[in-house]
Every structure is written in C-alpha cells, then in structure tokens.
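Engineer: As annotated in TrEMBL:
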- C:7-24: transmembrane segment (TRANSMEM)
- C:30-50: transmembrane segment (TRANSMEM)
- C:62-79: transmembrane segment (TRANSMEM)
- C:85-103: transmembrane segment (TRANSMEM)
- C:164-184: transmembrane segment (TRANSMEM)
- C:216-235: transmembrane segment (TRANSMEM)
- C:247-276: transmembrane segment (TRANSMEM)
- C:288-310: transmembrane segment (TRANSMEM)
Amino acid sequence: MYIEEYLDVFISGLTNGSVYALMAVGLTLVYGVSRAFNFAYGSFYSLGGYFAWVLMVYLGLSGGYLMVLLMAVPFLIGFGYVTEKVIVAPLRKRSDWEVKVMMITLGLALFLDNGYQVLFGPRMKSLPPIMTGAVELGPIYIANQDIMIFVLAISGILAFRWLLNNTRIGMAVRAVAQNPIGAKIVGIPKNRIFAATFGISTVMVGLGGILLAQKYFISPMGGWDILVKSWVITAFGGMGSIRGGLLAAFILGMLEAYVGYVFGMTWVLFALFGVLLATLAIRPQGLMGKWG
Amino acid sequence: MLTIADVNAYYDQFHVLHDVSCEVHEGEVVVMLGPNGHGKSTLLKAVCGLLDRVDGTITYKGQDITGWSTEQLVNQGVIYIAENRELFGDMTVMENLKLGAYAKNARKKEKRNLARVFELFPRLAARKKQLAATMSGGEARMLAIARGLMSNADFLCIDEPSLGLQPNLRTEVFNIIKEIHRQGKSMLLVEQNIPQIADLADRVYVLEEGCITFQGSAEEAAADDRLKEIFLGM
Amino acid sequence: MDWKRMSGTMALIYGVMALMPLFVGGTDHLMHILIMCLIWAVVASCWDLIMGFAGIFSFGQVAFFVIGAYASAILALTFGIHPLAAMVLAGVVAAAIGVLVALPCLRLKGAYIALVTFAVHMILEPFLKSDMGRAIGTGGSRGILTIPPMELFGITFGAGDKVAVFYAALVLAVVCSVIIMLVIRSFWGTAFLALKDSAGFAASLGVSAFKYKLAVFALTSFLTGLAGGFYGHYIGMLSTRMLGIDLFVMLMIMLVLGGIGQFPGAILGAIVTVTFNEALAPLGTYRPMVLGALVVVLVLALPDGIIGLLRNLVPGRGAAEPAVAESTAANAGGQG
Amino acid sequence: MKRIIPIVLLLTAILTLTGMAHAGDVIKVGVPLAMTGPYTDTGDNYWKGIKMAIDEINADGGLLGKQLEPIRFDTQEFAPERVMQGADYLVGQEKVDSVHAGWAGWGQDVRAYGKYTAPFFADDGSQAAVDVFKEDPEKYANIFQLTDTDINQATSMFNVLMALPYEYPNKKVVIINADDAWGTGVGDTLETKFKEAGWEVALREVVPYGTREWGPIMTRIRRIKPAIIHVEIVSAPEVITFFRQFMRTPTDTILSYGYSIVPREVVETMGKEADGLIGEVPTAMPTPEAPTPEAQAWVERFTEIWGHQPQAGSWAAYSGVKAWAAAVVAVGDEKDHAAVNRHIATVGYKGETGWWKWDEDHVMRGGGDVPFGHYQVQDGEMVTIFTDPPTRPYKDYKFIKPRWIK
C-alpha cells in the first residue's frame, strides 16, 4: 500500500472539491430560486479571470489579490444583475421560457467567449501566484497556493452561507426558493430577487475564476469545462439544494482524483457521468434535491 | 376603506368573478361567505394583486389600486393571508416572522410588531426556532396570521382562517382575529361557514357562482333562514 | 397551426428549395450550403419535435446525428452493406441508443434530462477516440476518411455530383418532415400538448406519458441517425470534430429562429441559419461573436421565431390563435 | 408566406455577389485556417507566415506582374463538412490558384482539395493524410505537405533523446499525450520505439485537452521515478500546469515536450523557469542563430513585422507560398495547375536554408536543408541543440543538464 500516495491524492481531491463547491453552489442557487439554467455560467468564470488579469497585469495596479477581490465583487454582482434583468427576466412570461433561457444564455456564452478572444487574443493569460512555497509534512507536500485556494474557496462558501442565513436579502432569496407564492404574499419583489440571485451566482463563479486563473490560466473557451462540471455537481447533489451541491462537489472532486490516480485520466469523464447516471437512476432528484 | 366595483376576474382561462361589487369600511370586519369554488378566494387574490387579469376598479383609501403588484399593496398596508398558509417550510418561526416584515414600511416597526405578535400568539413565542414545516395545522395557521401582522398592515384579507381546524382551535383563531380587530385593523374574511358570525362580523356578503347574492349586516345574515341553513351551521 | 397551413408552408419551402439548383446548380459551394440546409432541417425538426412538442429537454440531438453517421459508415465499410440499407440500419442503431438513454431520462425532470442527454454528447467523443471505438472501426482520433458514397439507379450520390445529392437530400427532408407532421397532427401531438400543459390532466385522459415519450425519443433518434448516415455518405469522411460546440450552437439557433414548437418553423430556421452563417463569413473572427449577439436579440425579439413573425405579417385563417400559453407560463418560477 | 421567396432569393444573391465583387489582374490565393474556436492560435501563426510571403511578393511587383490577393476562409473546428465547404468555396467558387493552409484536417483536407487541381499546401504532419494521398497519387497530385508525418517526427524525437549526452539513471519512460490524432500518433510511435530499445513504458496516459490538474499522475510519477517523461499536448495551459506541478517535487527525469514546446506562451509565461525542457519542431527555423545569413535575415524580418519570434508553422507556411510562387514563375502561367504541381514535386524550391524537396508522397520529409529542429529552453529562450536526421549537434549549442536533476 502507498498510504502517502493516497493522502497525496486525497489532498488533490479536497482542493478540487472546494473550488467546485464554490462554483457549483452559484449554479444551484439560481436554479433553485428561479428555475433558470444559465449556460453562460462558464463564461462568467472566464469573466472573473479576465477582470483580474486586466487589473493586475494589463493595468498593472498594485494592491494584489485583496484589491482585485474588493473590486471584482461589485463588478460581478452588477454584471450578473444586469444580465438577468436584460435578457432573462423578459423571457419569464413566455411559453417554453426554460428552453428559451437556456438558448439565450448559450447565445450570451458564444458572444462573451468570442468577445474575449477578439479583445484579449486566443492565447492564454496568466496571473501572478497568490502565494509561493509549500508545506512539507514528511512525504506529503502541499503547495501554499493550494492551501490558499482551499481557504479562500471555503471562506467564499461560508460568506455565502452567512449571507443566505443572516441577511434580509439572503432570507428573501431562500424564501423565493422555498415558496414563491408565499414570498410574493409578504411583498418580496420576486423579480429583483431573481436578478440578485443571478448577481450572487456570478460572484461565486467569477471568484472561482480568479482563484483558479493563477493556477490553471485563463483562455477564451476555458469556461466550458467549468460549466459542465458545475452542471454535473448540481444535478448530482440535487438541483437547488445547496447542501447537496456542497456534498456532491467534494465527492466528485475526490472521485476525479482517485479515478485519475488508479485508472488514468481518460476515465475521469466516464466515471463522473457513470456515477451521476447511477445516482439519478436510484434518486432522480439527486442526492439531496426535492422535486418541484 | 376598500371599494370593489364591477370586478371581473379570470383564473387561467376561466371567468370566475362576474361584476362583483362590495366594500369594507374603516375598522370593519366583513365576512364573505360562499360555497367552495365559487370565487371567494379569487376575490381576495384579485384585491391583493395575485391574479394576472382583473377588470373593474378596486380602490383603497381613495386610491385606485387596480393592477397594483402585491409588493406595492403590502407596502400600502394590504396583506393577504392564504388559506393554505404559504409558509416557508424550511425556515424557523422567527425567520418566517422576519420575512413578514420584508416590506419597506414594516421594517422600521419590526421590533414593536414582533413583541405584539408574540403577545397575541404566546404559542409562537415558545417555538421561535421550530421549522415551520414541522408545525401542526393550528400553529401553522397562527404563524400565517402572525406573519401577516408583521407587515404592519391596516387591512387584512384572510382566506378561510378556520379551514381544517379542530373546533377548539377554531375558537382560538377567531378569538385572536377578534383581538386583532379590537386593535383597529380592518378585515375582509372569507369563510365557508361561521357559526359565530354575529360575534365576529360587522357585515356579511354571500358569493355564489361568481356573483354577490346577499349583502347585509351580521344580524340580518343571522336572521336569514337560507343563510342560516347553508353557511352558518346553526 | 392548422393542417392545411402547415402542409402549405412546407410545400412552399421545399418547392422553392427544389427550384434552387436551376439557379445555382453549377456552383458546388452554394449547392453544398443548400444540401446542409436540408440535412440540418431534418435534425432541427426532430429536435423541435422532442423539445418543442413533447417538452423533453433533450440535448443529445448532435450526438444521435454523429452516432448515425458513424454507424452507417462503419456498416458500409466493414460489412459492405449498401449505403442506403446502412443508413436505415444506422437509424435503428441511433433509435436503440435513444431508447437506452430515454429509459433513465424519462424519470427525470427539465434540466436533469438536458444534462443526461448532453452527457451522451460529452462522452461520445472520448468513446469514439478510445480503444473501444477503434475496435468497432471509428478510426480513433483520425476519423473515417473513406466512406463510400451511395449509388442508386446508376447515379453516385457523392460529393462529386452535388445536384444529385441535393435531390436525394430533398427527398429525405420531405419524407422526414411529413412523418413529423403526421406525428404532430395525430393523437400523439394532442397527447403531447396535453402532457406539456398538465401531466395530471393528461393522465386522466389515459395518456401514458412514459410510452409516448419513449416513442418520440425513438422516432427522433431514428430520423436524426438517418440524416447522420446520409451526411457521412455524402461528405465521405467523418471525425469527432463534429462534436465541437459549434454545431450544437448552430442547431440551437435554428430552433430559436424557427420558433420552438412552431413546426415547420424549424425547417425555415435551418435554412435561414445556414445561409446567414455563410453570409456572416466575411466577418471572420467576429462572426461567432455577432452570431451570439444575434441569438440574444432574436430570442428577445421573436418569441415564436420566424414563423410567428410571418404569422403576424401575413394574417390568414389560422392567424388569430389566442396566446393561450401566456397564462400557463405566467407563474414563472412558481410551484417551488 | 409569399414573402419567403424574395427573402431566399435575396440571400442567395448576396452570397453569389460577395464572391464576384473582384476582378482585374490579380491572382487569388486561398487561405483556409481556423480563425475562431480552439485552434485560433495555431491558425494565427500560419497566417503570419502566409501574409508575410504575400506582402513580400506584392511589394516586389507581384507574381507574373499580378498582385496576389489572399481570400480567407474560417475552418473553425475542422468538422468534415466545414473542410469540404472550404475547398468548394475557395477553389470551386472563388477559383483560387493555390491554397495555403496549416493544420487543415489531418486527411480530410486531402480528400476535399484533391477533387481540384490548384496546388494545396498543408501542415498536417499526419500519417493519416499521407495514407489518403497514397490511395491515388494521380488524383491527389496537387496536395503538398509542408512537414513530415507524426510517425517520423516521433522517431526523430526518440533518436535525439537517445543521443543526448546524458547518462539515464534507469530505463523507465512515462508518455502522456493528448487524445487527438497528432498526440496519439506520436504517443504510439514513441511507445513502440522505447519498447524496441528495451525501455519500460511505466505509464502511458491519454488525456483530453483542458486537463489542468495533474496531481494524481504526479503521484504515480513520483513512485515510478522515470528517466524520461514525454508530454505531447500542443496547448500551453496543459503543459505549463504539468511542468509547475512536476517541479513541486521533481524526480531525476528528462522532460521532453516534443511539439508541445511550440506554443509561445510556454517560454513567454515561464521564462527561465522553463529552462531545461526539451522539444521538437519540424520544418524548423533554428534559433537563436539561423543556419544561414538569409535565414537569419528572415528571422529578423519576421520579428520586425510581427513583434515576436517566429513560431512553428510560420516559416513552413511562408515557404509554402514562396515555393508555389517560384513554380508559377518557372511555369509562366498560374492557371496551368498541373505544370505548377509537377514543378513543385520534381524541382522543389530553394529557400532561406537551402533546398526544399518533396518526396514521392508529396511530403516535405525532415532532413537535408530542412531538418527537424530539437530545442532546449536555455535562459528563457528556445535554443537549437540538435538537428535530425541525421542526428547531430547544432553549431556550438550544448545540452545542459536540467537544474532539477541531482
């Protein structure tokens, strides 16, 4: 047995899982609250990365990641909010609106991704590492960068939880998700909540984009992988279930790492979808989802 | 206070209300009686901005509120309390109440209203942390009313408050409604039958097949043989 | 749309198409565009049938197309089956896989179905490239480069004779469209509309959601696979590059343009989209960006696609249909 | 409904007219490259070489007195029908007299352009494309490959790895390649070669594009401690993340990147961090010092125009245009495609480094004046240390033992 190797892979899975969790939670939130499925989610991931790149590399602003995060949050919230207001909200009253939302966000994704390509060129962009060096515990080696990503991702999720549980807007978001009619009765402006949710989810995925850009780089089409993974995690955990999404993110992060380690990288995608299908066959609503 | 004039309302494609007119004066409790499925709830929903299509005129405190959104109405002090409660099941009693005070005008008075509500519903005060979904029918009903009161409303539209309740709970709910009335709120109440009608209502309407078929004071209603038999269970 | 209007519109579209070779028959490049219009018209119509009418969010249409193309090519190459028979068999293969996918899917809802069917799309590429794929003759990542063209009545329907291929494609498109139209006008179509409005109501009518949805999955996969087979024999080569996001997005645009659930709008959507995409070619690098922006604008501006627009422009007997769907969708996001 | 007819006719008219706008004394040159989608970057590299050649010819008074006019076509993601569409549009419709592509469809292009007679230059580097050519050399007489096949390139990589002045601590190799035709071709060839030489292929991984997390593979590599790791994924993010994750706890391993060394971002992003990596470029312009003064002048010209060092493909595509132009001049008629093709195939072309000769399969085989270049990153830039075949050190440049090897 190679105990330390398994530990090594475990850490890899944990880091992956934390970032997936950060990003999948946003997708599941939007679906849970407004039943809208956002195909441009991956493009919002790239948006975060490019935003940070413009600030840090192109404009060369000093202030490091703290400054970038401080500026990115309002930018991303605003971007998501406006996007919802302008292109998603008008569709809500139409027939087949769910398909139309998928289509319009797919169109947006096409626009954004190719827009990045035109603006920033096809080549990848990189960000300075958030931290260098590593912690060595005997045979186990953990890069500080990974620790930082893990810590920031988890803080992001905790902040998100705090927001949902303890703020008026967070409670309103949960209220709309649990009972849209009840929410309407007490005077919660549903449409504004939908848009706000979209904004919050954009922040989640955009921050994920910034965190990962310094390790995995930014490229115009780089968001598709994120969209697919977030989607799988969301469905696996139960669409609209935030706790389910968190659990699923870590399970899939681990699965990815161990399948890659034991069987090889080719099998990761097969394994992901295999587990998803098996789960849905037994529990059509995902791990923690509810029908409706 | 509230005047409904020649209102026609539609539910999906169905024409439910036909030229309904009625009114509620300041400080009054008006009870709308009628059999199930004849449009009572639809009328309340029409008032509270919960229907997509309403023709006619609804005025509240002299303002034309036809076509207003629920959100605006809540801010103006009109609140709907649903027959099936529409609580937030996965949230605690306290969270439900706080959300009741979501409207702008209610936020400032949240603390005061919370104290009043707990005074009115001591049962809820003891269960602040319980999830709404795990409450019994009677408690849930009380929570729904309490949540409505949190909006600082002057005018309550209560949809069948006694539906599915044990007789003793029913009495308790009606007593609370009376208490709320004493505190100066006006109400439009919808019920299938109320034995204690005279005790509670100032005036009574009967809505059958989407039309108003009776109107009068509570005493007149209690004296009406047909009403007595059908709605008042006397 | 009523029966007459639907068949009339279709006859008009295909009639105009049938005349096109008179004008551009000598230009291979334009003939190719026309042929692709017809092939995509079939695929888009199938997608419309399953998504617009049956209300199943299937995102696996491109996958079934590619499955059909590969199956037909492999059958013709390794077993020497006549391409026409291979095409039909490829349709059967696609239908069988469609049913396999449908079985777990039909227990699911909305975005879940979209994910599972899209998963088929996602997995298909690594599968075709893998050793398993190579073993059944997909040629791995090289693809298949020598697919025999279809020969019938002494005519070779290959890339060399585009006019012949065009008319063969036209026959295919007309046959598929008529089948789809018959389905929509039959009890199936009524059943689907009932299912879409209210599953409970439909059940009370004795409509078995499962049976019909399974059947529509099989039918659309079959027709899509058939079109895929046709494509393979026409182009003469296949590669996994068809599974890129490009084609998927194009098909979606066809549907948006044509109007969801507005058959035969999808046919029109396919023709306009392919033509439009070619017309945008001079934009070069900006093309997909403009295309994306167009999708956004068109979805907002054309609620019922081109067909809806035409219906408003050209009032006719069937034009005054009330907007029934509005109210059912009004409680958007409701029923939480 | 009647409005459909004019709409359709109008669209058709627009399409037809856009193609007929030009006339006069020009020679049209087709350039089908990926302008959008995931292959945009490579398309860009080829375009820079082609554009440079065309501009030079036009500045010199054109070809046979006529100006060259490039007509571009976006091949997107190389879907079969897209490749065919390109051929039908450029050659069939626009009647171009030569086509200059880069990556063009790995065999699909041979079939699509083989229907026509206009000379077609591709940089497929793929045995699949050559196999299609061999089916009917007569028919495909207009197809010219600017680089040798994946098999021969991989063999060359192997030969150079074996020729490195370095004592391998063991005979274990790890091969990681992308799941496309190129990656698989190279990976398969290397696997065979290493096995024949008595090496143990301890791990062979085929990974999809987009792989960024190498943790699980690194864990296995650390146990294997291979003497060589070969990575063949022509995309910068993949190979950079691989390198960085490898460097966290490096083993005593030579890192061979093959053609994946090519994306400029590898050295641009990493600079001196990348020192020690080795890689290969076919049809290469050796750097930092070109083999001849003419070649050195070319490199300087390129750098001046585009603001960066030439990338793989740029020079090959440039030379393709020049080779065709030379043949047209020799034949004296750009419309006599058969004669032009024959001239290219039999005479060849004298370029900056010497003679370009196509073999009987119309492949520009590595060797002679245009060998494969083998590089090592030294001091943040790619330095040619070997050329092959025959395998010999390039000028005075030496292989340096990577810093991570103890």
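Cβ coordinates are placed from backbone N, Cα and C, and glycine is handled just like the others.
Show me how these features fit into the structure around them.
Structural biologist: The list of residues near the transmembrane segment (C:7-24) in space but at least 6 beyond its ends in sequence, with Cβ under 8 angstroms from a Cβ of it, reads 1, 30-31, 34, 37-38, 163, 166-167, 170, 173-174, 177-178, 181, 264, 267-268, 271, 307.
Sequence-distant contacts of the transmembrane segment (C:30-50) (same chain, six or more residues past either end, CB-CB distance under 8 Å): 17, 20-21, 24, 56, 58, 61-62, 65, 162-163, 165-166, 169-170, 172-173, 176-177, 180, 183-184, 216-217, 219-220, 223-224, 226-227, 230-231, 234, 250-251, 254-255, 258, 260-267, 269-271, 273-275, 278.
When Cβ-Cβ distances below 8 Å are used as the criterion, the transmembrane segment (C:62-79) is approached by residues 43, 85-87, 89-91, 93-94, 97-98, 117, 120-121, 124, 128, 136-138, 144, 146-148, 220-221, 224-233, 238, 240, 242-243, 247-248, 251 of the same chain, each at least six residues removed from its ends.
When Cβ-Cβ distances below 8 Å are used as the criterion, the transmembrane segment (C:247-276) is approached by residues 1, 6, 9-10, 13, 17, 33, 36-38, 40-41, 43-45, 47-49, 51-53, 59, 61-62, 121, 173, 177, 180-181, 184, 291, 294-295, 298-299, 302, 304-308 of the same chain, each at least six residues removed from its ends.
With a cut-off of 8 Å between Cβ atoms, the residues of this chain six or more beyond the transmembrane segment (C:288-310) that come close are 1, 9, 249, 252-253, 255-260, 262, 264-265, 268-269, 272, 276-277, 280.
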Engineer: Residues of the same chain, at least six outside the transmembrane segment (C:164-184), with any C-beta under 8 angstroms of its C-beta?
Structural biologist: 6-7, 10, 14, 17-18, 20-21, 31, 34-35, 38-39, 41-42, 45-46, 49, 53, 150, 155-158, 216, 219, 223, 226-227, 230, 234, 263-264, 267
